[in-house]
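Step one of this worksheet: look at the structure below.
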2 protein chains.
Amino acid sequence: MKIHAHPLDPITAAEITRAASILREHVRGSKVHFKVVDLIEAPKALVLAWVDGRVKTVDRKARVYYHVEGSQHLGKAQVNITQGRVESAVLLPDAQGPVDYLEWEKVHEACNTHPMVLEEVSKLNLPAEAKVVNDPWSYGTDDAKERRRLFQCYMYIVLNDDPEANHYSIPAPFAPVFDAHTLELLWIDRLPLGVGAEIDETQPWEPVAPVEYSASILGGEYFRKDLKPLLVEQPNGPSFQVQGRNVSWQKWNFQLGWNVREGPVLHNVSYDGRSLFYRVSMSEMTVPYGDPRTPFHRKQAFDLGDSGFGLTSNTLTLGCDCLGHIRYFDGYRTSGDGTPVLMANVVCMHEVDQGIGWKHTNFRNGRSSVVRDRQLVVQCTATVANYEYILAFILDQAANLHVEVKATGIVSTMPVAKGVQTPWGSVVAPGVMAVNHQHLFNVRVDPALDGHKNSIIHEDCVPVASDPDLDPFGCAFTVEGTTITKAGGYDLDVAASRTFKIINPNVINSVSGKSVGYKLHAVPSQMMMMGRHTFNYKRGIFASKPIWVTKYRDDELWAAGEFTNQSREDTGLAIWANRDDNVENEDVVLWYTFGVTHVTRPEDFPIMPCEKMSVTLKPSHFFELNPSNDVPRSSQQANRSTLDEGMDAPLPAATKDETASGQKCCVSVPRL
Amino acid sequence: MKIHAHPLDPITAAEITRAASILREHVRGSKVHFKVVDLIEAPKALVLAWVDGRVKTVDRKARVYYHVEGSQHLGKAQVNITQGRVESAVLLPDAQGPVDYLEWEKVHEACNTHPMVLEEVSKLNLPAEAKVVNDPWSYGTDDAKERRRLFQCYMYIVLNDDPEANHYSIPAPFAPVFDAHTLELLWIDRLPLGVGAEIDETQPWEPVAPVEYSASILGGEYFRKDLKPLLVEQPNGPSFQVQGRNVSWQKWNFQLGWNVREGPVLHNVSYDGRSLFYRVSMSEMTVPYGDPRTPFHRKQAFDLGDSGFGLTSNTLTLGCDCLGHIRYFDGYRTSGDGTPVLMANVVCMHEVDQGIGWKHTNFRNGRSSVVRDRQLVVQCTATVANYEYILAFILDQAANLHVEVKATGIVSTMPVAKGVQTPWGSVVAPGVMAVNHQHLFNVRVDPALDGHKNSIIHEDCVPVASDPDLDPFGCAFTVEGTTITKAGGYDLDVAASRTFKIINPNVINSVSGKSVGYKLHAVPSQMMMMGRHTFNYKRGIFASKPIWVTKYRDDELWAAGEFTNQSREDTGLAIWANRDDNVENEDVVLWYTFGVTHVTRPEDFPIMPCEKMSVTLKPSHFFELNPSNDVPRSSQQANRSTLDEGMDAPLPAATKDETASGQKCCVSVPRL
């Protein structure tokens, strides 16, 4: 069995096999359906002891979600792979595990073949070549007593054999609901086609041309012809080094974790040998839809907890997703029978040039110094049925860490009657409506700035109350710092340019005399709109405030709690941030909720141009000067740019004094 | 004389010469000091008539700012270059023109040589090799009666002959104030070194090592060695075409204007033959500092109106500022005697790859379509003494127009006593304080969406008031649109995800049934903090609200008015937005104020890593589908990425069915 190099390495194929057999052993006789077999990260104290060399080995443990045949209760076990025993195994009658591919396939099949569904389909009078497919959706809670495992199957019509035919452009007007355990059809919802919830008998389909994105359907003539190739060349290879899952790049070092729920995770992040963060991860996301018409009110996905950014990650292909010199990383998931499944190339890592990093020109002589903004991008693409999320952790040379999400893919579509406009969304294609919705993400930052005792403060920029002596002209403003002492949820304040900052109150910057820190460059966004009495809100309380602060506890990783599928309440931050924990100069965790309210537009169809959201962790009094002051200066010698013809004026010649360090080619024409 | 191709072409060298001689003629005998000779853009109606071919020629006119010898009054003339006559010439006793290089150099020289200044310098007991330099700053208004033309000279010590020695790291503790007309020294301000305004006699300088950025001072050993080259190759050249100042790229077309005040300006912007914007420009910026201690309260720059993004633009050098295939554009300014001065390569244009533009994977078969996000960047770098602004207009293939500003360069420094912390800023180096300040920019958007009669609306996302019948589960929200009918200033509202949108109410999207529009992706930021009674506020009322709407009038281009230098009030939006103009379905202008409150950090010194701010104009129901649906798909055949060694798993082979259009290499391993 492969020896893992680090206690936080992702689970291996052999470990999945072993964990599964240990559990099978434990349950005896009865057949087990495995949903998740993934790493349980060792307690922080133990990992740090291992890192310090105080302990030599750390047991590897697996979290196993499963069902035993006949039972409808979710099983959850903690399996000690190293010791070969089950440490705990419980049945959870009130929880639903995430979707797994096997059950998804069974529900999909059951829906596609059920006589009553076929009868409904037949009412559409589809042409002979037409096929019908369905996307089983997890079932947004609308009844606190519901304990069945439900899927609502949204159905679409496919008119073309092309593997990329866009069935989302032809939504069928009904949605069967299945029990995933019994595979019974419980009922068929007919979809409202007007403003209100009224429904009608299924009518024959009125032929309409789908809006396609498939290059082979569209044909060569469709495409613009004037885009010239742009290549990224790295003749000496990349600037990063990788050992196992340990990555070094430009003074950064981190351990690249991965799991089926979160996808890529950064552990033990340091810069220039100084500790920054113990763990940085995408923690959860919820997508409530604003359409009240049954059954659309049930659409509220938790795309990490219900399915998983790792589990749904694309196998990336060289040259399609990134330019330049690409490194790929794999992951493993379990199949239903407990055998490991390789998920090849689910994470890619490469460098990009992000334009000018900094520049100054001495106007007295025209001499310029410029550095480029080179970045390291660790990225995955999660495909959650119709929709894509591109998650990236981006490091730069100025010691900034960016967490970026791009929302793309195909908006969730439903049928709409011809000529009807509803208040719930936009018509994005003939007969197709895309409902307005919110994407509310939560990023979890477990800081370790020069150590594990940190504090969170917020700083407001406020005018000085008028004081004729101190401030005769009224221009003064100050920065008011407030240390957060109790766990809880906190608000941003644009009017005060409020900034939340992680500091280590025990370490002082020798230049500025202030505590070393990193600030969160938050982008204020609208929080969840649904009211406190709604299931949407109760299930996703993490999405009701942008900033959350908790005292660290092992296993508290996911903002909405462990089990979000058909959940009735938020069992994460709603609980953890409500403890009366002191968080000042403690092992503290900062959680940031951000997102976008997506008012749909035809321009989002068939595939939506990326909507980019990003948050930056930026050093603030952590370093004594610009950390990128030592980046070699940008020079033509290194960059080999080419000059476009038709110049209006000759270029100033580059000077010759090029040093090993920053070849200084940059001379402007003195202006004086 | 060079024939200009378009009425909005930048002023030519010959036109400057001609305008100057026409004015000299007009003023007769007396010697003229020319400050600005630049194009007066022809009235919109005339330009449109020329574009439509309804008129054949449009007179070229110059705006001339000047002083006649002996007079201290600013002269402002309108010179008809084509007709060879002065159409108007007035003296403006109450206005100050922008800084020009000649007067700047004279003040600089006067300060460096004045006996009383030298006497003050001598008190510093500087080492023999030390030099003293000064930056004459425009003088922020603190007296409504002041009519002299004042410069406050901030002084610095240079210890090194290196052309990039960082004198901002050794600020001298006094600042002489000069009259730019008489070149008299009016007084010398000694600078407070503590929290309060108390000042002291100038003391001998205590030697301190400056924080340097010059590669030759730092030496080769200082620099990181592990950054490998990253080259952008465009083997078939760029995707843009340029004729004169007309640029075509990926269905975009625009006329690239330029002037000394604004730098690059986009005129007549269209996409796929449809009109979008008549003019998009950076209109103004103000930088109030939050330090009340005399004389620092006088620091409030208007970097367009006081000096000019064009006038201070760097001459760019191949390979230093951009990668890939670069096209440069020149500009011209006047010298003091009216002869034109070439400003070579003040604007660069090139393409960049901004990562994934959109992606979708059909999870049923793993087939992916991906397009890259190729962008066209039109960029300049303005150096305003210590500070740099990198202004870019960025076009993409999804028909988004981004206006981006990067703030970089060297923060404004002042001396601070050892061990002192002030509430006004941070100590960024030994003995050096950088005051907290705001950068408040205003972007002007003159829309022409499918014509010149447009409206501005704002849309709020609001929950539906609970209604058990319509919305039994309380998830419903709607988009409330409000049309702006009167000119004025308007607020953003994060809590409602408020979006301001330009629409053409006369053109309906055939798919969605809604008016065609473009929305402004505003980033909410703190507005000017200084109170209504302050000069800071009165001079920059445009910075008190994020959104402004006015009815179009020729010559209303600059948010704070024409003359900002030592201004006493905002003569731009403060007036134009106060007219009781109807702006619904009119020729309307949208102004957007945004910025950052810069709380300084040691990491901003010696040169500050770019702080990026950007705003996007994004189509909303303007197109019938994703405008980038016809972008050729990303493929390894085109991108030629390279694979990093040490793969954990083999890559899935690319399929062979590559079409002329989007070579489809992207296949994921099916997961089911």
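Glycine too: its Cβ is placed from the backbone N, Cα and C atoms.
Note: TrEMBL annotation is automatic and uncurated.
As given in TrEMBL:
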type: ACT_SITE; residues: A:Asp303; note: active site, proton acceptor
type: ACT_SITE; residues: A:Tyr387; note: active site, schiff-base intermediate with substrate
type: COMPBIAS; residues: A:626-641; note: compositional bias 'Polar residues'
type: DOMAIN; residues: A:6-85; note: domain 'Copper amine oxidase N2-terminal'
type: DOMAIN; residues: A:232-628; note: domain 'Copper amine oxidase catalytic'
type: MOD_RES; residues: A:Tyr387; note: 2',4',5'-topaquinone
type: REGION; residues: A:626-664; note: region 'Disordered'
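In the predicted model, residues of the domain 'Copper amine oxidase catalytic' (A:232-628) average a pLDDT of 97.
In sequence order, A:Met285, A:Thr286, A:Val287, A:Phe309, A:Thr312, A:Ala382, A:Val384, A:Tyr387, A:Tyr389 constitute the residues six or more apart from A:Asp303 (active site, proton acceptor) in its chain with CB-CB distances below 8 Å. With DSSP states grouped into helix (H, G, I), strand (E, B) and coil, the compositional bias 'Polar residues' (A:626-641) comes out at 4 helix, 0 strand, 12 coil. DSSP assigns the residue listed as 'active site, schiff-base intermediate with substrate' to a strand segment in the three-state reduction. When the domain 'Copper amine oxidase N2-terminal' (A:6-85) is classified with DSSP, helix, strand and coil residues number 23 helix, 25 strand, 32 coil.
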